[in-house]
Structure formats: C-alpha cells, structure tokens
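Chemist: Attaching a single structure in structure tokens format; questions to follow.
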Amino acid sequence: VANWLCKSCHIMSVGFIGAGQLAHALVKGFTAAGVIATHRITASSPDTDLPTVLGLRKMGVNLTTSNKETVNKSDVLFLAVKPHIIPFVLDEIGPDIEDRHLIVSCAAGVTISSIEKKLLQYRSAPKVMRCMTNTPVVVKEGATVYATGTHAEVEDGKLLEQLMASVGFCTEVEEDLIDAVTGLSGSGPAYAFTALDALADGGVKMGLPRRLAVRLGAQALLGAAKMLLESEQHPGQLKDNVCSPGGATIHALHFLESGGFRSLLINAVEASCIRTRELQYLADQERISPAAIKKTTLDKVLQQPGVTVGGVANGNSKSGLSLFNNRGSGLKKKN
Amino acid sequence: MSVGFIGAGQLAHALVKGFTAAGVIATHRITASSPDTDLPTVLGLRKMGVNLTTSNKETVNKSDVLFLAVKPHIIPFVLDEIGPDIEDRHLIVSCAAGVTISSIEKKLLQYRSAPKVMRCMTNTPVVVKEGATVYATGTHAEVEDGKLLEQLMASVGFCTEVEEDLIDAVTGLSGSGPAYAFTALDALADGGVKMGLPRRLAVRLGAQALLGAAKMLLESEQHPGQLKDNVCSPGGATIHALHFLESGGFRSLLINAVEASCIRTRELQYLADQERISPAAIKKTTLDKVLQQPGVTVDHFKLLYL
C-alpha cells in the first residue's frame, strides 16, 4: 500500500468515532484506493456485534469500544455517528483533543459552529471540518463536499480533499450548501436503488430473467451518468439524442412525463434537504426527539458519563418542533 | 479484420468512438456509408479517421463485420441493395430495434445460401465504454462469429448473448434506459438548484450519485432493496425523501416506461415484417431519399392507416 497520506513527513493515522455504514464504506474505499494502510485506522463503537464492525475488523482496522483510544491514535478524526449522538461524543472526547487533530464531522445537519462551540470549552483553536459524502465511496465513486471551519488551515482542507478524492468526486463548498447536497447526492443513491429495483421489475414484466434485468438496468444508468459527466452537453440534449422519431424511447418518456416523474425527484431532493435542516435544528437545541432514536440507542446514550435524563425531551414529541408545522409549499402530497 | 457501418448516425458514431477508445480496431479499418454527408455524426466520424462514403456497396466490399446501423424501416431497402454484394466472409450484425433475424435472413437468402446474421441491441453509453449490449445468433452464424461480436461489444461495456425473443424487452430496459436516466438527472439537478446549489455542481453531484449507486449494485450480491435499506437511517433525511417517491408512484412510472418502449419496439417489428411504412414513422426527407434508391418503387409503400 502506497501510504502517501502525510503531512510534514508524518504519516497520518485516521480514526472513526462510530463503526457503522459510513465508517465501513469509507474504510473500504480508502483501502481499495491505497491511500492508507488499515493498521493506521482505528474505529470505535459501543456495539461490537454490528455487521459493519465485523467487516472493519476483517479489513484489519483496529477496533475498540473506547472513543478516547480512537482519538489518541488518530490525526484525522471522522465523526461518523448519528447527528443526535454528536453532542455527547464531543463532550466525551473534548478533553483529549490535541493541536494535531483534524475533526471531520460527517453528520447530516450538524453545523461547524455547533461543533466548534462544544470543543472551545476544551481547546482554543479546534480544527473542524464538515463533510457530506455518500455510500458509493465504497466502490470509489462517492460524491463528497466539505466546508472548512474557523481554525482549519488551507492544508487541512487539501488533506481531506486528498482522502475523499481517492474515493470519488470531492469539492469544497460554502457550509450553507451542505443541506442541499445531502438532499441530492447524500440521499441520491437511495433514489437510484429504488429506480433500479423498479426498472428490473419492468424488465421482468416484459420477459427478462431477474439477474439480467438488474444487470442491464444498472449498466444503463451507470453508462448514462458517465456520459453526462464526460459531456459538455445538457442532459436534455443527451436525452434528445437518444429519442429517434416515433421510436420506442420517446413513447416510454411520455409515460414518465405523464406521471410527473421529474417532479417526484425534485420533491425527494427537497424533502431530504428540509429534513436535514430539521435535524440540524434539533441538534442545535441539544434535544433528542423520541421519534428519532431507537430505544436501544437511547439507553446507550443515557449510559454515557455526563448525560442525565434532564437532557432528553419528555412528553409531547412535538416540543421544540413548532417551527416545522408549516412545511414548504412544494411538499403537498398529490391526491 | 475490417468493420463497416451502413448508416453513419448516432449509433455508428457512438460505437466507433467506443471501439477506438478501447483500442480494439484502428479507424482506418472502419468504413461508414450515409446518403447525408452533412450530419454532425458524419463529420465526427470523418474527424476520427473513418472512411466515409455515400455508397453502401463500397462499405460492404471493404468490411468483414458489417453493422446495419440504420432506422428499422430502412433495413429492407438496404438489404435489397447490398444483398448481391454479400460474400461468405461477411458477418451481418443488425442493430435495428424490432427487426428480426428471420426477416433479415429471408431477404438475404435470395442472394446467398447461408448468410451469417446476428442481431444486437446496444445503447449509446458505448461511447464512454459503458454500454449494455445483448446479441442473438442467426441460423448460419457460427459460435466463433458470436465470440467475435462479443469481443467487440465487450470492449465498450457489458455484453451477453440472449435468446432473440428477449431483445424487445432489453430495448425497453437498457436500450431506452439512458433516456430515463437523463430525464432523472435533469430533474435531480433542478431539485438541487431549487435548494440552493449552483447548476453545474447540482448536475455533477446528481450524476455522480447515480453512477456510484449503479456501480455499487453491479459490484454487490445484495438486492437493490437491501442497498436502499442500508442508506436509510431511522428518521433520517433519506427515508423522508423516499416517501415522496413512493407516494407519487415513482416505481410504477419506470415500469410503465420499460413496458411502453418494449411494446413500441414490437409494433415497429410488426410494421417492418409487413414491409409497410407508417407515415408517422418516417420523416419526409428520409422517405424521399429512400425513393431515390435503385430498385425501390412506390409499390413498396402500401401505407397502413392505423
């Protein structure tokens, strides 16, 4: 493994707080890309039975149940836990953060300023960055954006970009765009998996064996996406190019348009973005909506030092959510 | 081995671009013919170093593998024209949606006793070497002919042999599939722009997300539904978004699209088998050019009023 991930001739170690889907996907991608050796990666999780934990262990990652241990062994520290867990994690690891640490939060809706605010209780200039990536990093075709915090240097941005560019597309953005990116490329793979399931159903309906239908549908989407990425042309122009007069494709497109296909996708991007902003609001309030936490996670959270029952919203689940009774006009469901 | 294209439109252009990028054949060994020398694709082919001609006979004479890359209703006329020039070495590969191997063999049997015919259905992403191609083998084509075609088409994407009766369904799915994707990508970018992203970034992120997801599925043993589950965290942004897709019948629209394309392909096949040309399917200029071909008379146009 060519370990070129270094800063000032110091070979970097990477840590993950959280050993779930995101950590697993990033580690898989990083190691496939050869940017870092697995023995230089540490990940921590309270739950040692998760399939992703087993997967990480198989890859040679150092696993631990101690977040402090991960911090001590890392230079670049990814926060790869659910958004509502972030405040508790920061309180726990705050005292162990050193000057060398670059904290990279991957949590949807958690602002740089909320993280800096927490860490400033422990250090005067915590280096924080925020990124939004997606699961196709696991096959080195991720889509990642990042924003740079108050005390992070240009070289910290470049370091993160080096890491994330090894597993797909990566670019810096202003932080206020990250929620929109979440709605588009963060959630985007789920829209694609849904579409691919349906396309395969269509193929099977018309007589194809399932495996072939899945393969052809995925290949068609992949090829089209690659064409767009490598073309200067508008997607509408590329669409025109494949619609011959009176042909099969334009007949098919009419069904998509009749059903408001485009609108459904716009709705989806918008809904994911708005929900991300909701989660951000909840995180800023340091309240945890009961609806957002599985009971087991809540129990584990309550076991963390420094967390009391007073820190959890009781009773009416809508407390703190009055801003969100009026959803955006674009989200009225079709009747 | 030399390759020829009857027709120098989108399909020929995309295939040549892919073949040359993959390095499976040099452009000077490729010939393409077209009556219209001003098409952008013709100019593109010439730029790539392909031999261009207005004579289909010349293409036939210079080729071993001959792709028929014209619109389905033109196929019968092309076959009548080139039939006498087909030799034993020729492998005829029809890319025309809805045109059956038996209809092509029937035409060519007037000229040769054992014409080697194959039928394939591909798609435009061959141009970036990520095409999806299936092919079916005709009565007189050998196993090695299939392997040769598969070698060519596998250089520009996925390629597998199928029974001919599946090809219409493949047309509906991966033949037309890129158009569904371009439509989706346009809409996803609109969504991103609505929520504040600059257009270029929105297009880039949407395309990258679709590409990555498709690649994940191709490289995974898991069901697409499982992959979808894996990215939907409880109460999170993604599952909220998915609810909108489901509420609007997103899946159903895509099934409708695949079905509609497949059915239209079968309609076109029916029309071709009848050797009738529906007025709706021909642009007027193409009809005029067809009428100018030697051997074609007005009797060929028993217009069917559907």
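Backbone N, Cα and C atoms are what each Cβ position is placed from, and that goes for glycine too.
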Chemist: According to TrEMBL, B:Ile6, B:Gly7, B:Ala8, B:Gly9, B:Gln10, B:Leu11, B:Ala69, B:Val70, B:Lys71, B:Pro72, B:Cys95, B:Ala96, B:Ala97 bind NADP(+); which one of B:Ser34, B:Ser55, B:Ser113 is listed for that same site?
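Modeler: Of the residues offered, the record points to B:Ser34.
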Chemist: Cα within 10 Å of B:Asn56 (NADPH binding site) is the criterion; apply it to the binding-site residues B:Ile6, B:Ala8, B:Ser34 and give the hits in sequence order.
Modeler: B:Ile6, B:Ser34
Chemist: Can you filter B:Ile6, B:Ala8, B:Ser34, B:Val70 (the binding-site residues) down to those whose Cβ is less than 8 Å from some Cβ in chain A?
Modeler: none
Chemist: Among the binding-site residues B:Gln10, B:Ser34, which residue has the fewest other Cβ atoms within 10 Å of its own Cβ?
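Modeler: With the binding-site residues B:Gln10, B:Ser34, fewest surrounding Cβ atoms within 10 Å: B:Gln10.
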Chemist: Out of B:Ile6, B:Ala8, B:Ala96, which has the highest number of nearby Cβ atoms, where nearby means within 10 Å of its Cβ, if these are the binding-site residues?
Modeler: B:Ala8
Chemist: Count the other Cβ atoms sitting within 10 Å of the Cβ of B:Asn56 (NADPH binding site), across every protein chain shown.
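Modeler: There are 23 such Cβ atoms around B:Asn56 (NADPH binding site).
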Chemist: Tell me the residue counts in helix, strand and coil for the domain 'Pyrroline-5-carboxylate reductase dimerisation' (B:164-268), as DSSP assigns them.
Modeler: 87 helix, 0 strand, 18 coil
Chemist: Does DSSP give B:Ala96 (NADP(+) binding site) helix, strand or coil?
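Modeler: Once the DSSP labels are grouped into three classes, B:Ala96 (NADP(+) binding site) ends up as coil.
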